[in-house]
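What follows is one structure encoded as structure tokens, with my remarks underneath.
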Amino acid sequence: MRIILLGPPGSGKGTQAQLLVRRYGIIQLSTGEMLRAAVAAGTPVGLKAKEIMASGGLVPDDVVVGIISDRIDQPDAKNGFILDGFPRTVPQAEALDELLKRKHLKLDAVIELRVNESALLSRVETRVAQMRERGEEVRLDDTPEVLTKRLASYRSQTEPLIHYYSERRKLSTIDGMMAIDEVTRAIHRQLLALGAVEPKTHARSAAKSGPAKKTKTAKKSAKKSPKAGKKTTRAAKTVKKSVKKAGKGAKKATTKTVKMAAQRTAKKAVKKGAKKAAKKVTKKRAKR
Ligand code: AMP
């Protein structure tokens with residue numbers, strides 16, 4: 001199986017890639033990791049990439065394409081791989097298509113992890129603060145300032161890949177804001193639906209993390225639903241009762257109003273009658 005994980009920095013690609021590696025026995029190819037190793041080893045590629053990486057920019061396409069092409073040829077990549085952080089530009093995606101074609105390999109899926117950018121920034125801020133508190137070394141490009149730049153380069157250079165792969169019917173989008181295990185389950189379900197993994201893998205791993213199992217929330221809501229149904233019926237009854245009451249009230253009110261109006265008219269009539277009678281009496285007296 002060969003898949004690409006697509007998503008902005010901090011979206012959880014690395015975490016998901018590691019979980020998928022354990023589940024399917026394939027390898028993770030992270031260009032970021034490879035470049036960091038090259039920087040640490042002081043290789044020519046590392047020397048080229050060091051500054052660019054520290055500033056949050058992108059390393060030239062030919063450099064990363066070369067690294068990936070060599071890595072795919074290694075025996076441990078035979079079973080398949082998860083590309084994490086590659087491709088990051090349309091030319092890289094085109095180069096990957098070419099490269100896979102040449103090697104007679106098929107790409108099974110591109111999984112996009114969609115996340116909320118402001119949530120990403122606060123996540124990174126918290127993580128960096130915690131690491132500093134523990135006295136751990138913070139990655140040079142993992143600061144909120146550099147992350148803002150990396151997000152901008154994701155938007156302008158990497159996001160067009162969403163269109164690229166959706167046009168080629170390879171794209172599956174998953175809500176990356178869910179809990180880690182829920183994201184893993186969603187990815188697994190997607191891969192099953194695409195036929196990229198065997199249902200067997202599903203059964204084996206189901207014992208461990210249980211993608212087919214109902215989540216606690218699902219179970220809770222399933223349990224809740226009959227009650228919820230009862231609640232709805234009860235509510236409906238209450239509504240019916242109040243409608244009836246309201247009807248009666250309205251009837252009462254109408255009758256009352258009509259009665260009062262009739263009384264008023266009667267009183268007026270009595271007054272009018274009395275006035276007329278009084279007038280007649282005065283006229284008669286005047287005649288006399
Ligand atoms: P990552 O660990 O994937 O976030 O990558 C860390 C840094 O490595 C990025 O900010 C880039 O500077 C560089 N990098 C990683 N992958 C690529 C790529 N596919 N194309 C260009 N630069 C990359």
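In case you wondered, yes, glycine gets a Cβ from its N, Cα and C as well.
Automatic, uncurated: that is what TrEMBL annotation is.
Note that this is a predicted model, so its numbers are computed, not measured.
Residues Thr31, Arg36, Gly57, Leu58, Val59, Gly85, Phe86, Pro87, Arg88, Gln92, Arg139 are recorded by TrEMBL as AMP binders, and the candidate that the same record lists for that site, out of Arg102, Arg150, Arg155, is Arg150. Rounded to a whole number, the distance between the Cα atoms of Arg139 (AMP binding site) and Gly10 (ATP binding site) is 13 Å. Less than 6 Å separates the Cβ from ligand 1 in the case of Phe86, drawn from the binding-site residues Gly10, Gly14, Phe86 in sequence order. Long-range Cβ neighbours of Val59 (AMP binding site) (same chain, at least 6 residues apart, Cβ-Cβ under 8 Å): Thr31, Leu35, Lys48, Ala49, Ile52, Met53.
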